């Protein structure tokens, strides 16, 4: 592998932290794909929830791509790690799924904050700004949305309540 002439002021620790975050995002995408396939099953059949989680999976994959593109822009090298199987493939309810998703979003957010800390520690304002502008604000919105959905699914309960939540709330 040849060394790039364009690389400057990009610490190896930052490069490694970006690679870690790429894999965190890909794991989240994989996990959300499991949510999608569960709610798309004929014996579960929450089509709006399935579509909601399919979009969430796609969004996480886009985040990984955005980070990989940034890594290349900074002349770092993207290093992929193995992705584990989904953390959960069955859910007792929409409430269970929203609770699991909220936990995932908080974990992704924590990882992004750690990446931001590495950027700051290595005096890399460009990386810190990239993480803030492209990810952290969006992450706050996602956490709020999942927290709201968790509250709403707790309020409506199982059965008809879940059906109406799927039809009315996730149809937005």
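Just so you know, glycine gets a Cβ as well, placed from its N, Cα and C.
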Next on the checklist: Quick check on the annotation: Swiss-Prot has 105, 139 binding Fe cation 2, so which of 51, 60, 62 does it put in that site too?
Outcome noted: 60
Item to check | Given Swiss-Prot lists 60, 63 for Fe cation 1, the same-site residue among 25, 90, 95 | outcome: 25
Item to check | Listed in sequence order, residues not in 25, 60, 63 with Cβ within 8 Å of the centre of the Fe cation 1 site Cβ atoms | outcome: 24, 26, 28, 29, 59, 61, 62, 64, 67, 108
Checklist entry - How many Å separate the Cα atoms of residue 60 (Fe cation 1 binding site) and residue 105 (Fe cation 2 binding site)? => result 10
Item to check | Same-chain residues at least 6 apart in sequence whose Cβ lies under 8 Å from residue 25 (Fe cation 1 binding site) | outcome: 60, 61, 63, 64, 67, 108
Checklist outcome for this item: Counting every protein chain shown, other Cβ atoms within 10 Å of the Cβ of residue 60 (Fe cation 1 binding site) number 24
Next on the checklist: Summarise the domain 'Ferritin-like diiron' (8-157) as counts of helix, strand and coil residues per DSSP.
Outcome noted: 116 helix, 0 strand, 34 coil
Checklist entry - Over the domain 'Ferritin-like diiron' (8-157), what does the predicted model average in pLDDT? => result 96
